[in-house]
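K.L.:
One structure is given below, represented as structure tokens, and several questions about it will come after.
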Amino acid sequence: MVLIRVLANLLILQLSYAQKSSELVVGGDECNINEHRFLVLVYTDGIQCGGTLINKEWMLTAAHCDGKKMKLQFGLHSKNVPNKDKQTRVPKKKYFFPCSKNFTKWDKDIMLIRLNHPVNNSTHIAPLSLPSKPPSQDTVCNIMGWGTISPTKEIYPDVPHCANINIVDHAVCRAFYPGLLEKSKTLCAGILEGGKDTCQGVSGGPLICNGQIQGIVSVGGDPCAEPRVPALYTKVFDHLDWIKSIIAGNTAATCPL
């Protein structure tokens, strides 16, 4: 059964379609404390998600991570022993991809957030670059987050875990996710042999390829990390014009999901 990776049935009911709990990183190791300066820990209505800082005032996450009360934490590694330069923000404004009957639910799983106050670059905080071009098949990419590290149990680590996965032929995902269009605004990524994947607690986090954010954690198999069941990531490159337009102040073409 396909579920968007979130932690609560409440959000599943709110979105009105089957989704998987917020993802974790299965099969990974603790991230180096200096390799995730852009990574955001998102708490929203009791749900844990991830996000990505793209400049001092803006960040990206998944639309299905939206909630009434969102707390955004920057510069975090250990949740129990926070870095001294950790900063906390809340959304000033949230933007969703424009409504369109030409796109599936997966194509629209992106949220652009303007922070209530800009964050300051520091030892553990810095933005990640937007993509200059889309990744090609077989590109090795990185996933990361504080999500559960077990495909069958909710075991949440104190520190973020990282793993490498590959961009997979989109036909593999179309075979597993009914209704996924050939020209979908998504990326298919994973390890076809299984063993490495995002899972509960990492929805909205980044798929990083060649030092750029290429994807946003969206949908995956249940349980996680199964063979021949790669995950779907919202394709950031296909939303670039919209992202840049919003940041530039053109908000006319948006509507809530």
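Each residue, glycine too, has its Cβ placed from N, Cα and C.
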K.L.:
Pick out which of Cys173, Cys209 Swiss-Prot lists as the disulfide partner of Cys188.
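P.N.:
Record-based pairing for Cys188: Cys173.
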K.L.:
Of the residues Cys162, Cys224, which one does Swiss-Prot pair with Cys199 through a disulfide?
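P.N.:
Cross-referencing Swiss-Prot, the cysteine bonded to Cys199 turns out to be Cys224.
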K.L.:
Distance check, please: Cα of Cys31 (disulfide bond) against Cα of Asn121 (N-linked glycosylation site), rounded to an integer number of angstrom.
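P.N.:
About 20 Å separates the two Cα atoms.
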K.L.:
Looking only at DSSP and grouping its letters into three states, which state does Ser203 (active site, charge relay system) belong to?
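P.N.:
Going by the DSSP assignment, Ser203 (active site, charge relay system) belongs to neither helix nor strand, so it counts as coil.
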K.L.:
Select one residue from Asn120, Asn121, Ser203: among these recorded positions, choose the one with the most other Cβ atoms within 10 Å of its Cβ.
P.N.:
Ser203
K.L.:
Could you state the CA-to-CA distance between Cys209 (disulfide bond) and His64 (active site, charge relay system) to the nearest Å?
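P.N.:
With distance taken Cα to Cα, His64 (active site, charge relay system) is 23 Å from Cys209 (disulfide bond).
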